[in-house]
Amino acid sequence: MKIFAYGIRDDEKPSLEEWKAANPEIEVDYTQELLTPETAKLAEGSDSAVVYQQLDYTRETLTALANVGVTNLSLRNVGTDNIDFDAAREFNFNISNVPVYSPNAIAEHSMLQLSRLLRRTKALDAKIAKRDLRWAPTTGREMRMQTVGVIGTGHIGRVAINILKGFGAKVIAYDKYPNAELQAEGLYVDTLDELYAQADAISLYVPGVPENHHLINADAIAKMKDGVVIMNAARGNLMDIDAIIDGLNSGKISDFGMDVYENEVACSMKIGLVKNSPDAKIADLIARENVMITPHTAFYTTKAVLEMVHQSFDAAVAFAKGEKPAIAVEY
């Protein structure tokens, strides 16, 4: 049996070598190149392909992969919105993803960023860099004094709620599919409008499905408290970034944190320097002292990388054996 992997990063290699040592009977080959119509031929002779990329898995790419006899595709990440499922269905692709690799990684990151926004650490860091040790006017706020609205109470959202409880914050939550334990605690509000009206800070943990596109838009922001803090480490398309910028300009939004961006594949968050980005909004946001940006690295811990590699390769082997792994994508 042979597995071919695309887009293997240097930081993934230790986890891959660990997996190979535990599975010596499996032949593994890989490249740092991403899966494209041109690179699909590299997988010829393999039973499964393991991938991770923000580039789309287009009809052309899937056709090229199927033409070299590979129709088992195992993603090392959770998102599947960049797959042409019509083409995948046409070629009978088996697809898996890694829906749960480390909820703690993303939840911790988002809560740390929210805490930093409340304590105005970016402004303080800028002052320190200028050798300015004066306190004012960078007064912070305590997490325990905030009502924090959590939108989405899946694996990550629930970890975030536990962290918030540790801080002593009042937590309210909204989810179309409530968790029974959280419901018993009385944390849920009935509508997003209720959450918007009550929350001092809002953090999102919902998928980037079409119904959630620009969930946070001008209408939603207008319903929020004045001076609301918004943190998004879920999916970039949840934010209408123009509405966010307008909210920051008006002061309706006091602080904003994001780890994901709607156009991140095309901008410098993925491909290089900010000055080379085709999207001027990134430079605008980065320059603001009340905005904190990370380049889609909320997940990026040693534990998460290990799980993403190990689970995806395990699924690739299962597909090659004609089995259905627990993390197979139903489509």
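Numbering starts at 1 and runs along the chain as it is shown here.
Positions of Cβ are set from backbone N, Cα and C atoms, glycine also.
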Practice problem: From Asp125, Asp132, Asp259, grab the residue that Swiss-Prot records in the same NAD(+) site as His155, Ile156, Asp175, Val206, Pro207, Asn212, Ala233, Ala234, Arg235. | Solution: Asp259
Quiz item: Want to know which binding-site residues, from Asp175, Pro207, Ala233, are within 10 Å of His296 (active site, proton donor) at Cα; which are they?
Solution: Ala233
Quiz item: If you count Cβ atoms within 10 Å of the Cβ of His296 (active site, proton donor), leaving out that atom itself, what do you get?
Solution: 18
Quiz prompt | Residue with minimal Cβ packing [other Cβ atoms within 10 Å] among the recorded positions His155, Arg235 | solution = His155
